[in-house]
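Peer 1: Not my notes, these are from TrEMBL:
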- 12-155: domain 'SPX' (DOMAIN)
- 260-278: transmembrane segment (TRANSMEM)
- 290-313: transmembrane segment (TRANSMEM)
- 325-342: transmembrane segment (TRANSMEM)
- 387-409: transmembrane segment (TRANSMEM)
- 421-439: transmembrane segment (TRANSMEM)
- 520-545: transmembrane segment (TRANSMEM)
- 551-571: transmembrane segment (TRANSMEM)
- 583-601: transmembrane segment (TRANSMEM)
- 607-632: transmembrane segment (TRANSMEM)
- 682-703: transmembrane segment (TRANSMEM)
């Protein structure tokens, strides 16, 4: 009970956080969030009783917000100037000191630079708080009036040549101050005044801790990312901010590395299990007397079952990790056993039941939940990246392993060939994993307390309470009562956040804003396009190019191997040069180009055309996925951050449903003949991609 009370004190709403975190001497320069909320309430009353029309409200509120932003920006420029002057003066002292070779005073000079750094961090947090306040008040206006004010305001202000909004959200000047401070501290890095320059050696790691703190503040403000953070976004596990006041409820003693490793191995094996049959599914269906395009049903049946398994595993992980993982292993062992035996039983039904059982064993929700709840905060980012890396490695190893299983022999009455060996291999793999799990897994001792009493987010797919604003802050556990009516009005957002989580898919759907729906549509589209590409690859390449199973396996393995290098480039460089929404649009356009290039326009369909179009589609779909999930985490309602029917589950269901529909499309199109299969199956992703692009442009400014 004491722990809950402490958390309730810390996890206040933004209005209270703004008041509590203000720098005392700067109080007059923060956004007047309370005033803006009162104005919104008055405008609602005036429009309801006919006192003002919406156009008048729009102009008045825009003027007031302009005044607020102008005050913030002028103060920001003033403080930047003070910091720049101090750095310039210290630079003169540094030059004089180094000419005299008075090394004994270098430490004093470095301390003076550190003091500038500490003031710079205060200014960065000032900008962060105000930027968050602006985002929140824009969102609140849209919600109260049902009007796209954010779109209007961002369009007219952010793109204006005299934009003050750009100063708050782009921070060009303040980042230049950061660069000057970093360069001078780097110059003093060794006590003799080295001539080392950060511009000549950008990979040099500064030893001064104040620079780490400044960089952390800049990254939080600008949503800058790294390779690990970019991978973590794919995992749908949002990292909590160290400054948010949240507590890491997992200590080093309760953390169990072997249990984490078992979750990562489960993820790896499941992805191998998913893709190991892709190169041979068409041959298997033909050997059982069905058409080659029935491979779509064979591959997609696993995804069909996963639609349901994601829900019950998400709910089950509220009570245990060990039991769901044991159940998952048993289901996958049984499913692969039936898949392998279907050949000798000459039964397509047995084969499909086997794949359905494999889908019912999808424990990815448990894997995510374990990382979120049972891994210490300091290594949670690495664990999240490990989750995504295990998935990518499994995706590449599955087809590659299938390419190695090109053999045929019999043991008694059991047939072992390229079609059945994937089932037998995975059957053995899951049996070994089950034994390892039973011996080595340790159920966390703090499980019940951390999930039922202390943790603000109950889902392994958790998205932080204020994700719609791009900040990682903890959820409210209980509604905090206020002492007067004005505070109650101020705490409207707190009351909203303290409502219980969604209790069904339909109630969760009602919480989706247009921006969230568009991001889910994009996620559906990219998963649809990728599934069409992968699932029909064996049929298409055999029909047009007469590729062997080994050639198809190598091709799919190469595609899978591009995941991590592409994410490394995007996460380390691209996301630091462009806005997420810009990368989103560019990636959608490139996916559209890849889909268009995949169509067969002439009787002759060449290997270079197919391979190039497949690479473009797959690579940019991977880029799109990371950016899409990053934006989704920012615009998702806080009420979808917990419970069984959470935002992560909705994303997973959207992607899984896309795979199901794509695989069903392949089988349905197969009845029209192999000659039309390619173009027919590419039409739906083409239409959905165009629709997602249009929808993105319609909600583009809400992603600012």
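Each residue, glycine too, has its Cβ placed from N, Cα and C.
Any idea what these are sitting next to in the structure?
Peer 2: This prediction places the mean pLDDT of the domain 'SPX' (12-155) at 80.
Sequence-distant contacts of the transmembrane segment (290-313) (same chain, six or more residues past either end, CB-CB distance under 8 Å): 274, 277-278, 281-284, 324, 328, 348, 351-352, 355-366, 531, 535-536, 538-539, 542, 644-645, 649, 652-653, 656-657, 659-660, 662-667, 669-671, 674, 677.
Long-range contacts of the transmembrane segment (387-409) within the same chain: residues 231-232, 234-235, 237, 263-265, 267-280, 367-368, 371, 415-418, 421-422, 425, 549-550, 552-557, 559-561, 563-564, 567, each at least 6 residues beyond the stretch ends and with a Cβ under 8 Å from a Cβ of the stretch.
Within the chain, the transmembrane segment (583-601) has long-range Cβ neighbours (under 8 A, six or more residues past its boundaries) at 522, 525-526, 529, 533, 570, 574-575, 609-610, 612-618, 620-621, 623-624, 627-628, 631, 678-679, 682, 685-686, 689-690, 692-693, 696-697, 700, 703.
Within the chain carrying the transmembrane segment (607-632), a Cβ under 8 angstroms from the stretch's Cβ atoms is held by residues 223, 225, 230-231, 233-234, 236, 463, 516, 519-520, 522-523, 526, 529-530, 533, 537, 540-541, 544-545, 555, 559, 562-563, 566-567, 570-571, 574-575, 580-581, 583-584, 587-588, 590-591, 593-595, 597-598, 647, 651, 703, all 6 or more beyond its ends.
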Peer 1: Give the one range among 260-278, 421-439, 520-545, 551-571, 682-703 whose Cβ atoms make the most pairs under 8 Å with those of the transmembrane segment (325-342).
Peer 2: 421-439
Peer 1: Within the domain 'SPX' (12-155), count helix residues (DSSP H, G, I), strand residues (E, B) and coil residues, in that order.
Peer 2: 127 helix, 0 strand, 17 coil
Peer 1: Do at least three CB pairs under 8 A connect the transmembrane segment (260-278) and the transmembrane segment (421-439), leaving out pairs fewer than 6 apart in sequence?
Peer 2: yes
Peer 1: Please report, as numbers and ranges, the same-chain residues at least 6 past the borders of the transmembrane segment (260-278) whose CB is under 8 Å from any CB of it.
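Peer 2: Result: 284, 298-299, 302, 321, 325, 328-329, 332, 336, 339, 358, 361-364, 366-367, 370-371, 374-375, 383, 386-387, 390-395, 397-399, 401-402, 422-423, 425-426, 429-430, 433, 436-437, 440-441, 534-535, 537-538, 552, 556, 560.
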